[in-house]
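Asks: Supplied in structure tokens, the structure appears directly below.
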Amino acid sequence: RWSPCCAPHPAGAFLIPYTLMAVFGGVPLFYMELALGQFHRTGAIPIWKRICPIFKGIGFAICIIGLYVSFYYNTIIAWALYYFYSSFSGTLPWASCDNPWNTPDCTNYFGKSNVTWTNFSRSPAEEFYTRKVLEIQKSGGLYDVGGIRWQLLLCLFLIFTIVYFSLWKGVKTSGKVVWVTATLPYVVLLILLIRGATLPGAWRGVVFYLRPDWGKLLSTAV
């Protein structure tokens with residue numbers, strides 16, 4: 001969520017409302033939930049029932065929101081798993097326009113020859129995502145979403161299976177899984193940071209990213 005929010009609003013100005021909302025809104029609510037859970041030692045539904053019986057609906061709402069969020073993020077992880085599987089090939093399928101799913105509008109911006117980029121041009125990576133992974137060309141809109149992509153369905157099933165076996169014995173299994181899930185992202189992010197910082201023109205992007213535009217603070221979009 002961070003990059004899409006900062007892209008149209010340089011972080012120098014975006015950080016101010018973000019920090020204020022985090023300090024006065026997000027962090028207090030987070031610690032309130034931690035304190036209530038540690039004090040009552042119960043789940044989301046019983047804890048609000050103890051505070052006030054009519055507040056039991058808050059616990060149900062928290063569980064429903066958590067269920068919706070799990071659908072959302074597990075779908076993204078399923079896409080990542082599909083990309084991981086697709087990367088085991090001699091040539092990455094999203095690196096060229098020579099694939100069956102590519103259209104005449106596909107243009108390899110990073111090719112060795114000169115290219116003409118128009119408003120209708122699409123990169124190989126974009127067409128791989130939209131036409132191969134999602135197959136949106138087979139969808140006629142909201143009322144005709146097309147068939148089920150069995151590859152993505154299989155990836156989603158594997159992700160939910162991993163989540164289940166990570167939690168099925170409670171703290172005994174989740175405590176061991178945390179050793180990987182809590183440390184691996186930082187290792188990967190550190191590698192990506194080093195790689196990104198050594199690319200040509202990387203620091204020009206950092207300077208643009210941190211340069212404040214105080215006029216953006218008056219915009220409601222921030």
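Backbone N, Cα and C atoms are what each Cβ position is placed from, and that goes for glycine too.
Because TrEMBL annotations are produced automatically, they should be read as predictions rather than curated entries.
What TrEMBL records for CYS97-CYS106 is disulfide bond. Residues or ranges marked as transmembrane segment by TrEMBL: 12-36, 57-85, 148-165, 177-197.
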Asks: Under 8 Å for C-beta pairs, could you tell me which stretch among 12-36, 57-85, 177-197 has the largest tally with the transmembrane segment (148-165)?
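Replies: Top-ranked stretch among 12-36, 57-85, 177-197: 57-85.
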Asks: State the count of C-beta atoms found within 10 angstroms of the C-beta of CYS97 (disulfide bond), not counting that atom itself.
Replies: 18
Asks: Going along the chain, which residues six or more apart from CYS106 (disulfide bond) have their CB under 8 A from its CB?
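Replies: Listed in sequence order: CYS97, SER121, ARG122, SER123, PRO124, GLU127.
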